[in-house]
Amino acid sequence: MAASLSSEVHSLGQLLIDPGKPLPLRFRALFTLRNLGGAEAIDCIGRGFQDESALLKHELAYCLGQMKDRRALPVLKQVLQDRQQEPMVRHEAGEALGAIGDPEVLELLREYAQDPVIEVAETCQLAVSRIEWLQKNPDSPDTNPYLSVDPAPPAEEKDVPTLRATLLDETCPLFHRYRAMFALRNIGGEEAVLALADGLQIGGSLFRHEIGYVLGQMQHKAAVPGLSAALERFEENPMVRHECAEALGSIAHEDCLKALRAHVGDGERVVRESCEVALDMHDYENSGDFQYANGLSQICEQI
């Protein structure tokens, strides 16, 4: 790595772990490090797991998984095994291990597929299924238009009502329901969005949280009522509410602002922090800036 870039990576890493900096700015530093990649960026991200913000640590694990770099495996294993970490953080570490997809982690994932925390257990079960599917389908084309590494490949089915039926069938294996979920996302359009939004009413917390995530990716205004309703359900798992808040920020329709602003003082830290970050994303989506994680030209100026 060139000396100047290495210096900027170091500066971004320092910003990332500085609890005195605004959380949206730290998020921008994180996503810039993810985009830069490499061992030094991974090391910088890995140092953030001592933070007090579960939301930030969750995003650290997410980014490490999206980077698909084996050098992130040690820190992700450690986070998954650390029962002092919040369930949503451990879950994301397990999902990231599945995203990297190295069969080396199968034994560990099978062990934690029996974890007493249901969100962690289900995540590890999905990760095992994903890696095993990849082993059986090594040449399967990547048809994901969103460029994300997903916890399950999309189903081959293209009929929205059929996919909706699978998605909402709680007797169906979770991996198959996830495959229907990502197929609906890839198909897109209002019918698919509304089918997915129906999933916010059923299933476990992990399932509903993933629904929120994919609706955020789709950025369709038809998802706003369902996401807003989930955010407003105080009895809902904070893991779900936070994902719905981030999705509303990604959609960036004017109707999203009201819901987000109503919860910037929420009693759940992860929810109010998600609303803070989501409002920053909303500003970006409406600003015309080229890239949200524009750290090298803007973020470093604020360090």
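Glycine is treated like the rest: Cβ placed from N, Cα and C.
Features as listed in Swiss-Prot:
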{"type": "BINDING", "residues": "HIS58, HIS242, GLU243", "note": "Fe cation 1 binding site"}
{"type": "BINDING", "residues": "HIS91, GLU92, HIS209", "note": "Fe cation 2 binding site"}
{"type": "REGION", "residues": "139-158", "note": "region 'Disordered'"}
{"type": "REPEAT", "residues": "56-82", "note": "repeat 'HEAT-like PBS-type 1'"}
{"type": "REPEAT", "residues": "89-115", "note": "repeat 'HEAT-like PBS-type 2'"}
{"type": "REPEAT", "residues": "176-202", "note": "repeat 'HEAT-like PBS-type 3'"}
{"type": "REPEAT", "residues": "207-233", "note": "repeat 'HEAT-like PBS-type 4'"}
{"type": "REPEAT", "residues": "240-266", "note": "repeat 'HEAT-like PBS-type 5'"}
How about the repeat 'HEAT-like PBS-type 4' (207-233) with the repeat 'HEAT-like PBS-type 2' (89-115) - do they touch, taking at least 3 C-beta pairs under 8 Å (6 or more apart in sequence) as contact?
no
So which other residues, same chain and not among HIS58, HIS242, GLU243, have a Cβ within 8 Å of the centroid of the Cβ atoms at the Fe cation 1 site?
LEU55, MET88, HIS209, GLY212, PRO238, MET239, VAL240, ALA245, GLU246, VAL270, SER274
Could you break down the residues of the region 'Disordered' (139-158) into DSSP helix, strand and coil, giving a count for each?
0 helix, 0 strand, 20 coil
Would the repeat 'HEAT-like PBS-type 3' (176-202) count as touching the repeat 'HEAT-like PBS-type 2' (89-115), i.e. at least 3 C-beta pairs under 8 angstroms with sequence separation of 6+?
no
What's the most sparsely packed of the binding-site residues HIS91, HIS209, HIS242, counting other C-beta atoms within 10 A?
HIS209
If I take the Cα of GLU92 (Fe cation 2 binding site) as reference, which of the binding-site residues HIS58, HIS242, GLU243 has the closest Cα?
HIS58
Just to confirm my parser: what is the rounded mean pLDDT across the repeat 'HEAT-like PBS-type 4' (207-233)?
98
Cβ under 8 Å to the region 'Disordered' (139-158), counting only same-chain residues 6 or more beyond its ends: which ones?
65-66, 68, 95, 98-99, 123, 126-127, 129-130, 133, 166, 175-176, 178-183, 185-187, 210, 217
Tally every other Cβ atom lying within 10 Å of the Cβ atom of GLU243 (Fe cation 1 binding site).
28
